[in-house]
Amino acid sequence: MTVAAKVAVEGATFSFDKCYDYAVPDRLRAAVCPGSMVLVPFGRGNARARMGVVLAVVELQPKKPLKELYDTAPENAVLTRELLGLVQYLKEHTFCTYYEAVRAIIPYGAQYRAQQGPDGPRLQKQLTVRTVSCYRRSGREVRLTAKQQKVAALLTDGRTLSGPVLCEGAGVGRGVLDTMVKNGALEVEKREQQLEVYQNYVPALPEEQPRLSPEQTACCARLTALLREDAPRAALLYGVTGSGKTLVFVQLIREAVALGRTCLVLVPEIGLTPQMIYRLKAVFGRRVAVQHSALSNSERLQQWQQIQRGEADIVVGTRSAVFAPLDRLGLIIIDEEQEHTYVSENSPRYSAIEVAKQRASYHKGLLVLASATPAVEDYYAAGQGRCQLLRLTRRYNEQPLPAVEMVDMRGELAAGNTGAISGRLAEEIAKNLDAGEQTILLLNRRGYNTVAVCRDCGEALKCNLCSVPMVYHKKEDRLLCHYCGGAISPAPRVCPACGGELRYAGTGTQRVEEELEARFPKARVLRMDMDTTQGKNSHERLLSAFAQGRYDILIGTQMVAKGLDFARVSLVGVLGIDQLLFAQSYRAFERVFSLVTQVVGRGGRGGLPGRALIQTVDPQNRVLSLAAAQDYEAFYAEEIAFRRLHLYPPFCSLCMVQFSGAQERETADAARAFGTYLKEGAAGRGDLPLRVLGPAPAGVAMLHGRYRYKLTIKCRNDGAFRELLRQVQRRYSGSPYVGRISVSIDFNSDSD
């Protein structure tokens, strides 16, 4: 019998993505187990060395000799049984390959690559951990110079200090330390350099802990009871903006840690992590770890290893943190759970909430979804009894919700105001500036102008590779595609099609910033969008500056709309919201309601009366009116009726099959063939509810130079339907389109 590893190999296409058998050589037998990262020969003849993950180790009698594993990673690089199960889950539910799932779970720094060694291909870590020389007294009696005595004085009582700290503290150069090592006065060793992240927190004293309101206390009691049950549980915490959901989180985390369980807290955007991290670190200190993509690879690796070693009880992060290697996971909190950022747009196209459900089930933990505007599907599930529904109906300390006013922009245009700021909003901003209070303005479009149109032929200037208008960025004087990053610099002044004059129109955050500076020359204006938050720690730096009162007005995209808590903000303005009402998505109304409700709720949180102005050309719009009133229940009643009537989730599942190719006609033909295969496969399954719509061009019909078509399938996302999709994919892999037309399957998309 041969000891063999069943390996999923990196780079295998979907049709070839399966377990391959490899013999385990004697030298690796003790190290290889399910979850091991290995290096294998893959392909015929002169096989290439490729990474793989071991899914199982078996004994078998092969019909022909098996290729042997080249190498395996150390023990600390092994996927746990739970994470290996998540690889299988992602493979089955998102139609990715095994190794795409592995890459989603393990951060870049913890991954390995192939490298040719003297004895053949070997594994090499993608990232080498930085080390620092650390020094301590040797215990030997050695005569010391005056400078050396200064060094020795810092190393009393068995202390160990790094070289840079020791040199700075003693006021000496590195040569002094080298001499002391040579004469035996000091011992030196290499240690992993600790990269500090989010360390600017102030520990909270017991007397500084805010008291819970009666509603918060009741919610905590019910959630704690669920936490103590030895079974998977789920709860939806629905609380109005400013109701103090974070205080409930902190108390619940205390209970979980006291029970010896670990906790995972997810937030929808990187910009919200500093605030959540500092609140938790103030209470729990260094037992809080962080996982998100704005960390450097070294920082992310070190945080991952801290979690893996059990040195962190609590992990805070964005979507990818759902895979943090926590053991004894007892509590998962997903804040602002309705946000689409919890869904991955790249393969594997997973929902962090669905992955969290799998983890809560595995660990028999509690999953808490929290929001002021819950996802319609989740509120419906709570109404059906599939999870506990808890409500926080009052703001903390009984603060009133902001007073909201609609501003009819048609009247502004009639009066000759073509700017982004209405006269009414300008009045309120001026009042705030006089009172020394702060203002937040929301405009969910970055750039200066959003479109360049020819005055003669009427053509909008579009990206050559994507079927979208290019956006003008004034500071750089260039047109930029916000999809592929393509740019035209300097920005043209004449139409490339007919030579006519180009007119730049539309309003982005850059233009509003300029208008504010012109209207209010003494105001300190801060802009926060993707263009200003690309630098290291930029979110934290900008939000901290605003919190400290160094700016009067914050203008930004949706990253300023939710989760932020500033005591001096009393005025909120909503600009350009009408366009979002007509987005190509059945969730368009839900997203507008959520966005407006959330940003309006940023005002009046610190004792100051809050007020908000919503600029619109349709002040009677039902969605905007309900958002202004913060009436989620009424909005939900109308939205759920619409979805029931037109068969949208939660009354079905939506599966989007996307096709991408270099030739438009061939791409459309491939989509049509896939749809035919699907209908033929479903014909023999009478119990399989199915409705296929399309094919049709995607909303963005060309992206990165490739044409895009889609099939929209209304279905029941169960094992039978997913098996049908796999059969269709296998049939498609034998079609003439394979290799030229790429196919992706997404159960979490509602638009394109």
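Count begins at 1; order follows the chain as displayed.
Cβ from N, Cα, C; glycine included.
Curation does not apply to TrEMBL; its annotations are automatic.
TrEMBL annotations:
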BINDING   Cys454, Cys457, Cys495, Cys498  Zn(2+) 1 binding site
BINDING   Cys463, Cys466, Cys481, Cys484  Zn(2+) 2 binding site
DOMAIN    226-392  domain 'Helicase ATP-binding'
DOMAIN    490-648  domain 'Helicase C-terminal'
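Excluding Cys454, Cys457, Cys495, Cys498, which define the Zn(2+) 1 site, the same chain contributes Arg455, Asp456, Gly458, Glu459, Pro496, Ala497, Gly499, Gly500, Leu502 within 8 Å (Cβ to the Cβ centroid), listed in sequence order. Note: Cys481 (Zn(2+) 2 binding site) has non-local neighbours Cys463, Leu465, Cys466, Val468, Met470, Val471, Ala487, i.e. same-chain residues 6+ apart with C-beta under 8 A of its own C-beta.
Excluding the listed site residues Cys463, Cys466, Cys481, Cys484, the same chain places Lys462, Asn464, Leu465, Val468, Met470, His482, Tyr483, Gly485, Gly486, Leu703, His704 with Cβ atoms within 8 Å of the centre of the Zn(2+) 2 site Cβ atoms. Counting only same-chain residues six or more apart in sequence, the Cβ atoms lying under 8 angstroms from the Cβ of Cys457 (Zn(2+) 1 binding site) belong to Cys495, Ala497, Cys498, Gly500.
Counting in whole angstrom, Cys454 (Zn(2+) 1 binding site) lies 23 from Cys484 (Zn(2+) 2 binding site) by their C-alpha atoms. Fewest other C-beta atoms within 10 Å: among the binding-site residues Cys463, Cys484, Cys495, Cys498, that description fits Cys498. Residues belonging to the domain 'Helicase C-terminal' (490-648) score a mean pLDDT of 88 in the model. For the binding-site residues Cys454, Cys466, the greatest number of Cβ atoms within 10 Å around a candidate Cβ is found at Cys466.
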